[in-house]
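What TrEMBL says about this one:
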type	residues	note
TRANSMEM	A:65-82	transmembrane segment
TRANSMEM	A:119-138	transmembrane segment
TRANSMEM	A:150-168	transmembrane segment
TRANSMEM	A:174-199	transmembrane segment
């Protein structure tokens, strides 16, 4: 474990807590893409299948359990409890356009042609594009609530911090995983224009609004 | 590579 990975995990945890807080406080999931949340649940489900077969640490296990539980709880809130506030008209990104190509790529490009390894690879590739329905929804509505932009900033920062973690591990531990690094860079690049808007607008107290 | 066998990152 290194400081970048710990900060990254905390940023990821913060993002999830911000989202849950926003929905619980406002009793609404307006502006949130349910499709992105479904994709995240798929990411965690396919990545943490070794949850019971390989024990790394208490921290690792509890974080995995929390990520899986919170992702399904978020879906429950969006599609059941606060269903009336779910904006399905603007959440129109076709998930199959992401899942199918990513599924094919995971079969073709992976470290080992084994079920667990292919599912892990699928999860890594899927996570890198899972935010697209959410960014698409923000661009369609043309704006996002401030708390939603904080959620997106924390979420985007987590994988950016993981990139620093991979640099650190490369130089100090000699570990390197090309698949995780490439997917992590793609994932972070997708947030770039949002990061720009967040830093130039939200941090100046303005509302996040995309140029129409 | 030992790391690939044990995925220790979240």
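For all residues, glycine too, the Cβ spot is worked out from N, Cα and C.
Automatic prediction, not curation, is the source of TrEMBL annotations.
What you see is a predicted model, and the numbers here were worked out from it, not measured in a lab.
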- Residue list, the transmembrane segment (A:65-82) vs rest of chain: Cβ under 8 Å, 6 or more residues beyond ends. 12-13, 16, 19-20, 23-24, 27-29, 32, 34, 37-38, 40-41, 44-45, 48, 51
- For the transmembrane segment (A:174-199), distant same-chain residues with Cβ under 8 A (at least six beyond the ends): 109-111, 121, 124-125, 127-129, 131-132, 135, 138, 149, 152-153, 155-156, 159-160, 162-163, 166, 208, 210
